[in-house]
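Asks: Handing you a structure now.
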Amino acid sequence: CTQKYIVKNYFYYYLFKFSAALGEEIFYITFLPFTYWNIDHSVSRRMIIVWSIVMYIGQVSKDILKWPRPLSPPVVKLEMRTNAEYGMPSTHAMAATAISFSFFIATTNQYKYPFELGLVAAFVFSTLVCLSRLYTGMHTLLDVIGGALISAVLLMLLYPAWDTIDHLLLTSPFCPLFSIVVPLVLCYNYPKLDYYSPTRGDTTTILGAAAGATVGFWLNNQYAAPAYTSKSFQPGFPLVTSTMVLVLARFFVGILVVLLTRWVMKSVVLGLLGYRYKFPIRDLEAQRRLEVEVPYKFVTYSTVGFTATVIVPLLHELLGLM
């Protein structure tokens with residue numbers, strides 16, 4: 001149960017509650033596909049690569065270091081789902097830093113917009129998410145600074161290899177096998193904890209989505225599936241009404257298909273696993289078992305990633321939204 005508290009400043013309350021959501025699944029499942037459908041394939045690929053690597057390292061680091069979250073009291077915790085996780089580093093801070101600055105770096109050389117504007121936007125986005133973790137009582141200042149710094153170091157290490165990794169993911173015949181097997185091995189060999197934590201499930205979700213998307217990238221490149229051009233969106237220039245309508249149509253059609261895919265796959269995969277391991281579908285304890293949680297999350301979200309990168313673009317072409 002959550003603590004009772006009185007909100008004295010609704011502006012900060014809703015600002016930081018919203019900012020905290022920018023580091024969660026609802027943001028990933030909307031923003032990352034949006035960049036693929038409406039901005040640029042290469043930008044989206046680089047963001048997903050960086051995001052999945054950074055998040056895996058962050059989640060594993062938590063369960064190796066095992067630093068506790070802030071004590072409550074004295075802090076008031078406004079969230080409870082992630083309370084079972086350890087604190088250091090803040091993966092919200094890591095994700096926000098990785099996504100905002102990888103987007104900035106990937107677009108700054110491809111589009112004409114003020115460098116200072118992009119830098120400030122990336123800094124403001126990541127800062128808001130970092131501050132939200134302090135406001136909601138979920139992390140200490142050291143957790144947040146540590147997460148942001150780790151993410152920044154990983155970005156610097158990955159940046160020189162971006163083009164090489166991207167080329168291999170698009171052209172190597174081993175890409176589909178590599179993209180599926182390696183994440184699955186990492187998920188099944190996740191650090192063991194003394195008690196259940198959602199970190200393994202969240203990590204499997206992230207790696208599964210990245211695996212499905214990567215297979216989709218490779219398939220699109222190999223078989224010349226419909227590809228969007230960056231001409232539909234030019235940062236720094238006003239969008240005309242017709243282009244804005246097209247952008248919104250792509251997004252809403254795509255997100256509807258993605259959410260429907262997630263719902264269907266969750267039901268189907270969990271039903272099959274329940275039949276295989278003899279447990280009721282609504283049994284939450286059974287869903288937390290390694291042999292259930294990993295395939296359940298991985299298959300569901302790899303299908304979501306594949307749908308977002310292959311099925312949705314084909315649907316967009318069929319509907320005349322290219």
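The backbone N, Cα and C atoms fix where each Cβ goes, glycine too.
Those TrEMBL annotations? Automatic predictions, nothing curated.
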Asks: Quick test of your reading of TrEMBL: among 40-57, 94-111, 202-219, where does it put transmembrane segment?
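Replies: When 40-57, 94-111, 202-219 are checked in TrEMBL, transmembrane segment belongs to 202-219.
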Asks: What parts of the chain pack near the transmembrane segment (113-134), using Cβ distances under 8 Å and only residues at least 6 beyond its ends?
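Replies: Here the qualifying positions are 15-17, 19-20, 22-23, 90, 92-93, 95-97, 99-101, 103-104, 107, 140-141, 143-144, 147-148, 235-236.
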Asks: To what whole number does the mean pLDDT across the domain 'Phosphatidic acid phosphatase type 2/haloperoxidase' (44-159) round?
Replies: 85
Asks: Give me the stretch from 12-36, 168-190, 202-219, 239-260 with the greatest number of Cβ pairs under 8 Å to the transmembrane segment (298-316).
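Replies: Comparing 12-36, 168-190, 202-219, 239-260: 202-219 has the most Cβ pairs near the transmembrane segment (298-316).
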Asks: When each of 12-36, 168-190, 202-219 is checked against the transmembrane segment (239-260) for Cβ pairs under 8 Å, which one has the most?
Replies: 12-36
